[in-house]
Amino acid sequence: LLTLKHGKLFLAVFSAVLGNFNFGFALVFPSPVIPQLQKGEDPRLQMDIHQISWFGSIFTLGAALGGVSAMVLNDRVGRKISIMLSGVPSVVGLLVMGAAQNFWMLLWGRFLTGIAGGITAGSIPVYVSEISHPSVRGALGSCPQITAVFGSLALYAFGLVLPWRWLAVAGEIPVIIMMILLCFMPTSPRYHIMKGNRARAVKSLEWLRGPNSDYLTEFNKIERSINSQGVQWSDLKTRSYYKPILISVVMRFLQQMTGITPILVYLEPIFHMTAISLEPKYDAALVGAVRLMSVAIAASLMDKAGRKALLFTSGFLMYIAMLSMTMYTHKTQCNHGNLTVTEGLKSTYGGLTGPAFDPITLIPLISAMVIIFGYAMGWGPITWLLMSEILPLGARGVASGLCVGVSWITAFVLTQLFMHVVEAYGLFAPFLFFSVVSVVNIIFTAKCVPETKGRTLEEIENFFRTGRTFTILDS
């Protein structure tokens, strides 16, 4: 029944989130590629620790740039066109990486796919939340996150069978499908109203909701909420503006401080360093599969359990897992000869020739799974969802750009420093830091995050304006 009613809406969301699939794919590209390059014959493509750090982290710099561009593009050309434009750097970047003859080409390709990732991260959640029907907004709002996870899993899985140049080529397919499909999808009705095209807004709402639905009432609601919304800088002094913007920015900052980006980007290299008995590339694919499962669980719970409950569970799981990872890597430092990062990647042993299977070596694998599981259950998708729900509609473009910028710059610093810290202090140091951050996250959730389950965007805005709990429910 749901599918029939929202069929076209689902199609529009699907076309848009293909961009996120590609984002997830491109983000973790180094994980299988770094080990392949280190073992490869081509000396021009073998990297030292600085180069590895740049190869891993320059993506996030591109994403910060893309996030800022999305901010401008969202309100200039609309959400849908922005998503389509992100396909250009994506296609070019993947081609450059696939054809790379030296380290610089790899970097450029990473940077371009990063820009594309930043644009999609800044536009797709807005587009999806603006075309979604309130009854399915939680589930659809976690779609961008799910497809990004799917993309990463696809990359880890293809990394098992494809040589790295073909990996880059495989990434072109979803981008091209996305660009073709989006040509036939409607622009966000909210954007049409903001630009004053009422007739078009009605038409695109009708397309999304079906001709027999109550789409005119919804249109009037959207129009009312937009008309009550001029934003001047002076408004930012008022509580109803700065509070949700601050909450969103801090949440995005903390989301990255949990260390999720470096862990995913360097997943295989991390497993090479923890001397796991199972081959690292299979571990990475396993973790990818767990991540997918947990995001699916979160999407189904999101509108039932409420956002805060999931954030607490998520923070707690990550804390436990980071802590056990810290203890494991701290304990095993001496007896597994101190491999530096680059040596650790070169001396890869297959399951047969390596040390005999030792159950304790499963700890890093299980910890990694729980970290990813915890993140994907709460701090991953909900941060994005809350951002698209609590930001005041008028300041949404600017604020979500700001959030994306903060988020990616944090990710850049962490991804850049991660390998250097591991080199200097050992693998336990970053994980100890991340477990402290998880505790901070739990406290922040308790003190500052509002519950938005089952509220309309207008009610949520009212809450920040009046500071009272959601008034419309009581009347």
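Yeah, the Cβs are placed from backbone N, Cα and C, and that goes for glycine too.
Any TrEMBL annotation is an automated prediction that lacks curation.
Per TrEMBL, domain 'Major facilitator superfamily (MFS) profile' is recorded for 12-453.
According to TrEMBL, the transmembrane segment annotation covers 9-32 (among others).
What TrEMBL records for 52-74 (among others) is transmembrane segment.
Under the heading transmembrane segment, TrEMBL lists 81-100 (among others).
According to TrEMBL, the transmembrane segment annotation covers 106-127 (among others).
Taken from TrEMBL, the feature transmembrane segment applies to 139-158 (among others). Sequence-remote contacts of a segment are chain residues at least 6 beyond its ends whose Cβ falls under 8 Å from one of its Cβ atoms, and for the transmembrane segment (139-158) they are 9-10, 13, 16-18, 20-29, 31-32, 120-121, 124-125, 128-129, 132, 167, 170-171, 174, 264, 267, 281, 284-285, 287-289, 291-292, 295-296, 298-300, 302-303, 376, 380-382, 384-385, 388-389.
Sequence-remote contacts of a segment are chain residues at least 6 beyond its ends whose Cβ falls under 8 Å from one of its Cβ atoms, and for the transmembrane segment (164-185) they are 11-12, 14-16, 18-19, 21-22, 25-26, 29, 32-33, 36-37, 80, 83-84, 87, 90-91, 94-95, 97-100, 109, 113, 116, 151, 155, 158. According to TrEMBL, the transmembrane segment annotation covers 164-185 (among others).
Summarising the annotation, TrEMBL assigns transmembrane segment to 245-264 (among others).
Residues 31-32, 138-139, 141-143, 145-146, 149-150, 152-153, 155-157, 159-160, 267-268, 271, 310, 365, 368-369, 372-378, 380-382, 385, 453 of the same chain, all 6+ positions outside the transmembrane segment (284-302), place their C-beta atoms under 8 angstroms from a C-beta of that stretch. According to TrEMBL, the feature transmembrane segment maps to 284-302 (among others).
Taking Cβ pairs closer than 8 Å, the transmembrane segment (309-328) reaches residues 258-259, 274, 298, 301-302, 360, 363-364, 366-368, 370-371, 373-375, 377-380, 382, 428, 431-432, 434-435, 438-439, 441-442, 445-446, 449 in its own chain, all 6 or more past its ends. Residues or ranges marked as transmembrane segment in TrEMBL: 309-328 (among others).
Per TrEMBL, the feature transmembrane segment maps to 362-386 (among others). Residues 125, 138, 141-142, 144-146, 149, 247-248, 251-252, 254-255, 258, 260, 263-264, 267, 270-271, 274, 276-278, 283, 286-287, 290-291, 293-295, 297-299, 301-302, 307, 310-318, 320-322, 324-325, 328-329, 441, 449, 452 of the same chain, all 6+ positions outside the transmembrane segment (362-386), place their C-beta atoms under 8 angstroms from a C-beta of that stretch.
Residues annotated as transmembrane segment in TrEMBL: 398-419 (among others).
Under the heading transmembrane segment, TrEMBL lists 425-446 (among others). Long-range contacts of the transmembrane segment (425-446) within the same chain, counting only residues at least 6 positions beyond its ends with a Cβ under 8 Å from a Cβ of the stretch, are 250-251, 254, 257-259, 262, 270, 273-274, 308, 311-312, 315-316, 318-319, 322-323, 325-327, 329-330, 333, 338, 379, 418.
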- Give me the mean pLDDT over the domain 'Major facilitator superfamily (MFS) profile' (12-453), rounded to a whole number. 81
